[in-house]
Amino acid sequence: MTSTSTIKKFTIVFGFICSLLALVLIAFGIYVLSSYRVNEVGSLAAYAYICLGVATILVSLLGFVGAARESVCCTVTFITFLWILLICQIAITFLLVKGEQTVASHLSNNLDVAWEEELNSPGAMSLYETWLGCCGRASPHDYIVNDRMPPMTCFKNGDNTKSENLIGTGCRIMFENYWLSLLRAFNIIACVMIGLELLVSVISCCLCNSIRNDHRRSYY
């Protein structure tokens, strides 16, 4: 039969891993809010990741206290709050996964702003074109219809001496794909965190039962 101390260690270790994943989600949400001008949809998604992380850390602290003190009352309270949290997290994560494409599209609106700036001040798109390996908003044709030649950043290795070096992919789709890949990665992290929390809830139930048994034995 597994001892209380062993179960306690498992509870603390898995709780710590959940807290680390929660910090990753918080960091991503802050990155989105602080690095880009986001609209309402983008802000809601960012705050959703932050809320997922903050709630997990707060509830995990209660779990750490219950495990460390071997308190039945504190552990039961932790399990109760954890299950309430899990229900909310599953609902939020489901919405985030279902709305990946929509959120990615809204977060990519920053590129449209950069394109408008490019039309008034050449060079505003250079960062995106160099970073993403793309050209124009939708294609190099965007420059041509505005009576401009594609800049050096639209050519592979900056070599505009050969027409085949012209990059044909627009930056809007590339930037949207960038966000989509990020959102999918962090949604997977959220799902893994939820799975670990389910495991922690089961282990915590075992811990609670083990503590009760230890208390009963102490009476004899």
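Cβ coordinates are placed from backbone N, Cα and C, and glycine is handled just like the others.
According to TrEMBL, the features are:
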- Cys134-Cys171: disulfide bond (DISULFID)
- Cys135-Cys154: disulfide bond (DISULFID)
- 12-34: transmembrane segment (TRANSMEM)
- 46-65: transmembrane segment (TRANSMEM)
- 72-97: transmembrane segment (TRANSMEM)
- 185-208: transmembrane segment (TRANSMEM)
Disulfide-bonded residues compared (Cys134, Cys135, Cys154, Cys171) - highest count of Cβ atoms within 10 Å: Cys171
Assigned conformation of Cys171 (disulfide bond) - DSSP reduced to three states: helix
C-alpha spacing of Cys154 (disulfide bond) relative to Cys134 (disulfide bond), in angstrom: 6
Alpha-carbon spacing, Cys135 (disulfide bond) to Cys171 (disulfide bond), which is rounded to whole Å: 6
Euclidean distance between Cα atoms of Cys171 (disulfide bond) and Cys154 (disulfide bond), Å: 10
